[in-house]
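Take a look at the structure set out below.
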Amino acid sequence: MSSLLVDNIGELVTNAGAGDGPLGIRRNAAVLVEDGLVAWVGPNRYPPPADRRIDAEGAAVLPGFVDSHAHLVFAGDRAAEFAARMAGEPYTGGGIRTTVGATRAATDDELRATVRRLRGEALRQGTTTVEIKSGYGLTVPDETRSLRLAAEVSEETTFLGAHLVPAEYADRPDDYVGLVCGPMLAAAAPHARWIDVFCERGAFDADHTRAILTCGQAAGLGARLHANQLGPGPGVQLGVELGAASVDHCTHLTDADVDALAGAGGATVATLLPGAEFSTRSPYPDARRLLDAGVTVALATDCNPGSSYTSSMPFCIALAVREMRMSPTEAVWAATAGGAAALRRTDVGQLTPGARADLMILDAPSHLHLAYRPGVPLIRQVLHNGVPQCRP
């Protein structure tokens, strides 16, 4: 059994009840890691012996970020589309087809290189758990290989065959839904933990969304969905009704939507993706409204080549505080424990005995600096499963 002690921690965010406030903060603390798990958390003056030691030098230590919404399997980029939006063209989601064409044409090695590059990029910024969706293949073999490549770097894989109706089915959306619920789901399910649907105008309506999610649940996949990004719609309430783990975007909400999420009691998380609003110059979700209603909120990057090409959870924290009226403490919780809740995980997003030893050491004395110093590389060191991964 190997052991590692991280000591001289000035501020330890545990996300557990034993510490102070909603982040369970402990001062002058230490963490013992054994065989990839947190074995002990306690005061720095009484640390247990360990084989190795990392001196945090009085800095803040946090659980690794849990990015519960990302699209990392794709080819090409859409920089020209971004420039056009910044010049005033509206975002409608149609650029997804551009990425579908490039992804279908790419080799496995080309897609693998992109996935690994973005996964490494995220890890260097403190993300130790990332959900990865398919959705840029939209054929049985392309969706299956997307999930297979995603599974090489993450245990959280999501089948998003219902990202958009591809061009070859434009006049036959019912036939495409049949393909998604039939051969595509059968091929994808062994490689996925979740099923997702883009429930928006121009993509999939409520009836199609219900049919696809219900088929996925019958195949043993957990449900989650994109909802209410481009305008008000049925997605949020449908997600709550079907017991989805998370409804994502939540930009345009009615009072009934908020009430439904609050009534879910945390079983359905509202995952907010401020990188998308930043990159599309769109109105941000009202996180304050959700939090004040008692809704469980997560933050994620929505990393994708079209509407949110960022892998940075610290950037999303800063946006959430500046643009969505979250406090720094709320944003950090949403980016760690909130993301874990959106994935229905209890082994990540916290630093408590038995949890996975995923943590980051900041080049800062407090978690507040993640929002206070936007754009600054504050992640000094990352541990994943108790193993030091990178030291920028």
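Just so it is clear, glycine is given a Cβ too, placed from its N, Cα and C backbone atoms.
Residues or ranges marked as Zn(2+) binding site in Swiss-Prot: H69, H71, H226, D302. Sequence-distant neighbours of H226 (Zn(2+) binding site) (same chain, six or more apart, CB under 8 Å from its CB) are D196, V197, F198, C199, E200, A203, G235, D248, H249, listed in sequence order. According to its DSSP assignment, H226 (Zn(2+) binding site) is in a strand.
For H69, H71, H226, D302, the entry in Swiss-Prot reads Fe(3+) binding site. All protein chains shown were included, and the count of other CB atoms within 10 Å of the CB of H71 (Zn(2+) binding site) stands at 28.
Mapped onto three states, the DSSP output places R78 (4-imidazolone-5-propanoate binding site) in coil. Sequence annotations record features per position, and here Swiss-Prot assigns 4-imidazolone-5-propanoate binding site to R78, Y136, H163, Q229, S307.
The N-formimidoyl-L-glutamate binding site annotation in Swiss-Prot covers Y136, N304, G306. Listed in sequence order, the residues of the same chain lying 6 or more apart from G306 (N-formimidoyl-L-glutamate binding site) and placing their CB within less than 8 Å of its CB are R78, E81, F82, G95, I96, T98, T99.
Counting Cβ atoms from all protein chains shown, H69 (Zn(2+) binding site) has 31 others lying within 10 Å of its own Cβ. Other residues of the chain with a Cβ within 8 Å of the Cβ centroid of H69, H71, H226, D302, the Zn(2+) site, are A70, K133, D248, H249, L273, A276, A300, C303, N304, S308.
Rounded to a whole number, the C-alpha distance linking H163 (4-imidazolone-5-propanoate binding site) with H71 (Zn(2+) binding site) is 11 angstrom. Excluding the listed site residues Y136, N304, G306, the same chain places H71, F74, R78, G95, I96, T99, G135, P305, S307 with Cβ atoms within 8 Å of the centre of the N-formimidoyl-L-glutamate site Cβ atoms.
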